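Residues or ranges marked as S-adenosyl-L-methionine binding site by Swiss-Prot: Gly33, Gly34, His35, Asp52, Leu83, Asp97, Gln104.
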Amino acid sequence: MDSPHIPVLLKPVLNSFKDIKNGTILDCTLGYGGHSEAILISNPNLKIIACDRDSESLSFCKAKFEKYSDRIKIYKSNFAGILNKIDHEDIRGILADIGVSSLQLDLDERGFSINSNNLDMRMDKNQTFSAKELINSYSKDQLADIFYKYAELPNAKSLAQKIVDARDKSPIKSAKELSSIIGRSNLKNRSVSIAILAFQAIRIEVNKELDELNNLLNLIKSSKINNAILDIISFHSLEDKIAKSTFKEWEKSCICDNFVMKCECGNNHSIGKILTKKPITPSEDEIKQNPRSSCAKMRIFHIQRNV
């Protein structure tokens, strides 16, 4: 069954797991199964535990992976919650692709696109809070805060005021209407339109994407997972910063304060090693085949605890 979504950085993902002879790979963001399918094909001794919040993609994948039913288990869960449901002992690889699928972007009813007639942006359709509720209920200051924090828009306050003024006349009901209020011009030195950046900020807030990533990383650190490769694929600078800074902290053996002259912590706190000093990015060929992959970055960490 062909996937309606092209998995990003597929070759680097497979390469990162190539030395894993057997065991289980945890796919924290199954989507339409592109990465998981390639992993299963690459090594018949590997199994997959996968999860996603999107009911539509889960239905697709349950049919897609029927022939691999003895090698893959699929759960409806966010990627932080899945760690509470599984045995950590056999996990040898973890993949988290922190992005929206092409199908989610393209389906009008999902309301992710600036041209959509809907205004939704929920990755989990069972979630009650959507972009429509956010846009029509957040205060001016709350809107400005997410535009500045998640999209780094210098005109965040004036943008928030535009939205408040418009909804005071009539509730904002569609993404198309919202994007016309925001405007589609580009900021100076930015190739992406203001509307796309603002929509990205709204999506991050609706789905609590940064919280989800932080929760996942915290749970991995406190878990019993060991001798495993962790791949984090991000599409936003804030997500990449979280992965980068977390991996740096995990690699530290000494966690004493900087002013301490002599180590007092035992110098044994490292839980592994960073395998990518710089993030892996898509090749020119991949970007040509899938332009949406252009801003993807992947960082890899080898979890190796002192036990």
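Placed from the backbone N, Cα and C atoms, the Cβ positions cover glycine too.
Look at the Cβ of each of the binding-site residues Gly33, Gly34 and count the other Cβ atoms within 10 Å; the largest number goes with Gly33.
In sequence order, Pro7, Val8, Cys28, Thr29, Gly31, His35, Ile233 are the residues of the chain that are 6 or more apart from Asp97 (S-adenosyl-L-methionine binding site) and have a CB within less than 8 Å of its CB.
Sequence-distant contacts (6 or more apart, same chain, Cβ under 8 Å) of Asp52 (S-adenosyl-L-methionine binding site) comprise Thr29, Leu30, Gly31, Leu58, Cys61, Ile74, Lys76, Ser77. For His35 (S-adenosyl-L-methionine binding site), other Cβ atoms within 10 Å of its Cβ number 27. Under DSSP, Leu83 (S-adenosyl-L-methionine binding site) is assigned to a helix (H, G or I) in the three-state scheme.
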